[in-house]
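Annotated features in TrEMBL:
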| type | residues | note |
| --- | --- | --- |
| COMPBIAS | 1-19 | compositional bias 'Low complexity' |
| DOMAIN | 552-641 | domain 'DYW' |
| REGION | 1-22 | region 'Disordered' |
| REPEAT | 199-233 | repeat 'PPR' |
| REPEAT | 300-330 | repeat 'PPR' |
| REPEAT | 332-366 | repeat 'PPR' |
| REPEAT | 367-402 | repeat 'PPR' |
Amino acid sequence: MSIPNTTTIPVPTNSIPTPHTHKPLHSTVKFLTICGKLDEALQLIESHPITHRNLLTYETLLRACIAKKSLHHGQRLHAQLLRSRGRKGAHHNLLNNPALKSKLITLYSVCNRINLARLLFYDGEIEMIPESVWVSMAIGYSRNGYSKDALSLYVDMLRFLRPGNFMFSVALKSCGELFTVGVGRGVHAQIVKSEEGPDQFVYNALLRLYSECGCFEDVVRMFDEMPQRDIVSWNLLISGFAGKGQLFEAFDAFRRMQVEGVGFDGFTLTAALPVCARINALSGGKEMHAQMVKSVIRPNVFALNSLMDMYSKCGVVDYARRIFDGMGRRRDLRSWNTMLNGYAISRRMEEGLKLFDEMLGSGFSPNTFTFDALMSGCSHMGLTTEGETLFHRMQTEFGISPSVEHYACLVDILGRAGRLKEALGVVKNMHEKPSGRIWGLLLNSCHIYGDLHLAETISKVLFEIEPKYVENYVVLLNIYENAGLWEGVKMVRVMMEKHVKKEVGCSWIEIKNRFHTFVAGGDLELGSSEEYQKLWSEFKEAMRVIGYYNGPDYGVVLRDVNEEIKKAWICGHSERLAAMFGLIHTGSGIPLRITKNLRVCADCHSWMKIMSQVTGRVFVLRETKHFHHFEKGSCSCKDYW
C-alpha cells in the first residue's frame, strides 16, 4: 500500500530540568492525568530519560490524550520516543511496543489525522506487526469513513496472521458499509473456521451485515443460531423486521425481548415505537413509556418525540399533548411538528391552529413539514379559508417554496369545497410536474360533485402515469355508476381486469396483547358462531328502532350483481368483523381500536356510528391516514372525509 505525503512530527528541542520528587513517576503522571493536567504530566515525562521501564506511564498519558482528543500532547510524547530511538547507542525502540503503537494510532485516528496513523503503522517491518496494531489501524480507517481501506488492511493481514474476533468485527462492519455481502460471506466462512470461536460482537456484526445488505433470511437464521443475545442483537432483529415491512413480526420480537428480561435502550425505542405507531399497538407503546418513566436515565428529546408520535398515531392525541407539555424548554421543532400532525390526523384542527400560533409566539420558525401537517388537517376538515391562508403565508411570510405535497393539500382543499376549476388551475400552474396523488385527489373531488367530463379527462392522465393503481379505476367506476352509464362501468371493469389486482381489505384489533386480523368476506367461523349470531340479532333490532336504514348502502359495490352478493360484500367488510369480534371478547366500556389498510366505505362509516350509539361503546377506526372516533352516534370527521 502506498503511503501519501504526510506532515512530519515535530521533535521538541528544549529540555526540562529534572524536578526533585519523592513520588514514583507513574503515580504522579496518573494523578495529573486524572486531574486533567496534561501539560504538567508531559513535562514530568520529558524531564526523565525515555526507558522501557516507564512504558506503563507512557500508556497512561496516551489514554488521557485519546480521551481528551489532545493531539498536541500525544505528538510531543511521540516526538520524545522518536528522539530516544535516534540516540547513539540506543538499544530499544519503544515505538515497536504494541501497546504504545496501538494507542498512538488510535490517538491520531480519533483526531482525524489518519495519514499520521498510517505513517506510524508502516514504520517498521510489516510482517512483524502484531495483531493488536493491525486492529487499531483498521478501526482507525473505519472510524474515519475509510471502509475500503479497512477491508484492504484485513486482506493484507491474512498474509501474515490469523485474524481474531476484533479484526473480524471491523471487517464485517466494512462489508456492511460497502454493501459487499459476497466478501462478508467470505469473512463469515473464515469465522466458522477460526479456532477462537465468535464472540457476541462478531455475532452482532454478522447480524448487522446481513441486515444492511438486505439478506433478512440470514439475519433470522443467525439470530436463531446465536448461543446468547444481548440488546444489540434484539434491536437488529426488530429493525430488520421493520425495514422489511413485517411489522407484526417486529412487534412480536419486541414482546419476546421483554419476556426474556433483556430490557431495552434508546435504539430499541427508535425501532419499536414507530412499529407500535404503524400497527396501532397502543399497549406496547404504553409499556415502553412505563419503562422510560421507571428508568434512572432521563429520556432524550428524540425518544420523547417518538413517544408523542406513537400516541398520536394510535389515536390518543391527549396523551401526546401531556408529553409535549411536560417537555417545556426541551422541545425542538420536531416536537412541535409531531404535535401538530397529531391534531391533524385526529381531525382536531381548531387545537392544531391554536398550537401553531403558540409555536410562532415561542420563537420557532415553521418548516415544510409544519405546513404539510397543517394543510393536510385543513383539507380533511373542510377548512377551506384556513388552508388557503396557510398556503399563501408559507410563501409570503416564511419564504418556503411549496412542495408537491403542499400543492396536493391545496388541490384537495379546493376540490372538496366544490371549486374544481380553481383546483385544476392550481394543477396546471404548478412549478413541478403534478404527481399521480394530485390528479387522484382532483378525481375524487369530481366523484363528490359528479363532474363526469373533468373526471374522464383526469382519468386518461392517471391511467398513463399510474396504470396499476386500483383506486383510480374504482373512483371512475363509481362516477359512471352514479351517472347510470353502464357502458362506462363495463369499460372500466375490463381495464381493471387487464391492469390491476384489487387489494383485499384487511383490519386488525388488539385484545389482551394479541392481534386478531380479519379480511373482507373472510372468517366464516366467526360469522356463523353462536355468540356472533346472538349479538348481531340483538343489535340489528336496536339499530332498526334507532333509524338505521332498512338495508346497507349498496353505492359502494357494483350494481350488476344480485342482492345477496351485495349484502354479503358489505356486511363482510373487515372492519365490521373486527368490531364484532371486539364486542364479543371485551367488557363494556372498553374502547375498541381497529386499524384498516384501506379507506372505510360509506356504509361501514354509517354502521360504526349507529353501533357506537346502540352499544354505548367508543370505536376508534384508523384508516390509511386519519382517524375516525365514533361515539354516541357521531364521528369526529363530521361525515367529511
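Just so you know, glycine gets a Cβ as well, placed from its N, Cα and C.
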*Mind tallying the repeat 'PPR' (300-330) by DSSP state, helix then strand then coil?*
27 helix, 0 strand, 4 coil
*Run through the repeat 'PPR' (367-402) and tell me, per DSSP, how many residues are helix, strand and coil.*
25 helix, 0 strand, 11 coil
_For the repeat 'PPR' (332-366), residues assigned helix / strand / coil by DSSP_ = 26 helix, 0 strand, 9 coil
*asked:* Across the repeat 'PPR' (332-366), what does the mean pLDDT come to, as a whole number?
replied: 96
